[in-house]
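Chemist: The annotation domain 'Protein kinase' is assigned in Swiss-Prot to 16-298 on the grounds of sequence analysis. The feature ATP binding site is assigned by Swiss-Prot to Ile22, Gly23, Lys24, Gly25, Ser26, His27, Gly28, Tyr29, Val30, Lys51, with sequence analysis given as support. For 52-75, the entry in Swiss-Prot reads region 'Disordered'. Feature annotation from Swiss-Prot assigns compositional bias 'Low complexity' to 53-69. Annotation source Swiss-Prot lists active site, proton acceptor at Asp153, citing sequence analysis. Marked as coiled coil by Swiss-Prot: 311-332.
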Amino acid sequence: MKEFDYDKLVTAIDRFSPSKLIGKGSHGYVYKALLHHQDVDETRQRVVAIKTPSSLSPSSPSSSSSSKSEQTKKLENEIDVMSSLPYHPHVLSFLGHAEKKLMVVEYMPNESLYQLLHVSTDPLPTWLKRIEIALQIASAVHFLHEHGIIHRDIKSENILFDSNWEAKLADFGLAVDFGGDKKIRPAPAGTIGYLDPCYTLPENLSMKTDVYSYGVVLLEIVSCRKAIDVSRSPASIVDWAVPLIKEGRIGEICGGGGGGSGVFRGMSLRLLRMAARCVSSDVESRPCFGEITAEIVACLAEPLKSLPLWMSVLRRVVKLKRRKKRLRETLTWPGQTCRVW
């Protein structure tokens, strides 16, 4: 993993200047920075994000020594987990660290899924784009599970977008390496509304814990409703959506984009039934991410069956051209190669 000079990173964010601050979390601050490095005969530049424990920032409220230690441990854990993973197009790319106090990751200019669905005044993404986002995140979590990592904090705020509006899973502060013989079981943690209600004891942690959280995100994507909305009754998206799914009232769930009608109705019903399985109180009945990704791929193909042959072919050609426009660009840092999509 690449190690950066601590002082150079601090200088790049103007010594934790508020003008460079782009995000705050419960355990850390995120700053935007422009880094330079010498590559053969030229100096290359890259915009990155630098994450710090909030205790390092002069503008952060004073906190106890135990709180500072907890923040530092979470960042160190995030660095350890992310540095152990190979590249995946829908997992935020780790670029390096400085003394395990500052973490450098790729910069994501288009904010989060939460912002897109619940805050932005721009039109919602199309129905198919929203389901494509759901597939991208499912593939990311499937990748993590194949490498023995349980994320433990899957939520719309931790799904970020790059310049091409490709979704990437971020924030590995609570992630656990569950691979091999490690089987680390920390105390339950996560975000209310996304946290698996069956995860009440350390020994209850499993890959299905992430499945529940993903199911909440999938309901959020389909309905455009928040995971917890105290202005509504019931406040929980799960308590609201699951009874409607069981009754087949999908038109009352799908938010924007025509997901509940026309050629998308069959797709919507399949997705919502799968979401209901993800958030089931019967942990063993929840699907694994291999099954989830396969089902979403099948759902995305469903509307094409209803189209005339020439439209299906045209759609595939257009999609192929769009993919070619997003050919991978390789950026080489000293000691590391990182592809940006």
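Cβ atoms here come from the backbone N, Cα and C positions, even for glycine.
Since the structure is predicted, the reported quantities are computational estimates derived from the model, not experimental observations.
Tell me about the setting of these features in this model.
Modeler: Neighbour list (Ile22 (ATP binding site), Cβ cut-off 8 Å, at least 6 residues apart, same chain): Val30, Tyr31, Lys32, Ala49.
The number of other Cβ atoms within 10 Å of the Cβ belonging to Asp153 (active site, proton acceptor), over all protein chains shown, comes to 21.
A mean pLDDT of 53 is what the model gives for the coiled coil (311-332).
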Chemist: Hey, how far is Asp153 (active site, proton acceptor) from Gly28 (ATP binding site), Cα to Cα, in Å?
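Modeler: If we compare the Cα positions of Asp153 (active site, proton acceptor) and Gly28 (ATP binding site), the gap is 15 Å.
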Chemist: Including all protein chains shown, what's the count of other C-beta atoms within 10 A of the C-beta of Val30 (ATP binding site)?
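Modeler: 21, counting other Cβ atoms within 10 Å of Val30 (ATP binding site).
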Chemist: Around the Cβ of Lys24 (ATP binding site), how many other Cβ atoms lie within 10 Å? Please give the count over every shown protein chain.
Modeler: 13
